[in-house]
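Q: As listed in Swiss-Prot for this protein:
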ACT_SITE  90  active site, electrophile
ACT_SITE  159  active site, proton acceptor
BINDING   8, 9, 10, 165, 197  substrate binding site
């Protein structure tokens with residue numbers, strides 16, 4: 001399977017830096033990496049999607065066409081920008097913003113019906129990891145049980161919560177075992193990405209694992225040259 005790289009700007013990128021980053025990436029991305037790169041700015045960092053060489057996505061959207069949902073963006077906002085790719089289930093939205101499994105299912109089903117490409121994030125906390133691999137498998141299976149795993153526009157990103165933003169990636173053995181288990185659950189055509197303190201130093205080794213189909217990258221993607229270095233490992 002062709003490997004891919006995704007940049008998640010979270011809420012860290014200044015608005016105009018985000019705009020400049022997108023334009024520069026479009027100009028400088030090498031042809032062998034066209035269609036293998038995704039970028040998820042925050043909402044103010046988005047631009048009308050006229051980009052031909054990479055996929056522009058949104059970090060979040062409310063599962064309605066439009067309406068009285070103060071502070072939210074909806075499918076019509078994204079469609080007006082010609083954006084049809086969405087992150088769902090990121091741990092920061094699960095934990096900080098209390099998005100429940102039932103709400104994540106509602107989001108998934110709504111945007112599946114709109115034929116959006118969905119990047120669905122899963123991952124366990126440290127307390128679960130410390131209980132052993134059986135507990136991890138049960139936890140991740142539960143996170144996936146409410147969504148359509150045969151949806152053709154699905155990408156799954158495994159991000160162990162204890163590794164996100166800690167500068168402590170999961171070990172190569174942990175990634176190998178966990179991705180191997182998840183590959184048994186997922187449709188064989190569904191890409192499975194790893195995220196969690198990915199950086200220039202470890203990205204190439206992680207991509208070398210057969211069951212890792214790409215990377216979802218946080219802070220290491222916030223400087224364009226760093227992200228392009230990681231892209232070069234694809």
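These residue numbers are counts, starting from 1, taken along the chain as shown.
Each Cβ is built from the backbone N, Cα and C atoms, and glycine gets one as well.
Give me the local environment of each listed feature.
A: Packing around residue 90 (active site, electrophile) is summarised by its Cβ count: 28 other Cβ atoms lie within 10 angstroms of its Cβ, all protein chains included.
When other Cβ atoms within 10 Å of the Cβ of residue 159 (active site, proton acceptor) are tallied across all protein chains shown, the result is 25.
The secondary structure of residue 165 (substrate binding site), as reduced to three states from DSSP, is coil rather than helix or strand.
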Q: When you look at 8, 9, 10, 165, 197, which the record names as binding substrate, what is the longest CA to CA distance in angstrom?
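A: Maximum Cα-Cα distance: 14 Å.
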Q: Would you mind ranking the binding-site residues 8, 197 by how many other Cβ atoms sit within 10 Å of each Cβ and giving me the lowest?
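A: Comparing Cβ neighbour counts within 10 Å for the binding-site residues 8, 197 gives 197.
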Q: Taking only the Cα atoms, work out how far residue 159 (active site, proton acceptor) lies from residue 10 (substrate binding site), in Å, as a whole number.
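A: Checking the Cα atoms of residue 159 (active site, proton acceptor) and residue 10 (substrate binding site) gives a distance of 15 Å.
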Q: Between residue 197 (substrate binding site) and residue 90 (active site, electrophile), find the distance joining the two CA atoms and give it rounded to the nearest Å.
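A: Residue 197 (substrate binding site) to residue 90 (active site, electrophile), Cα-Cα distance: 14 Å.
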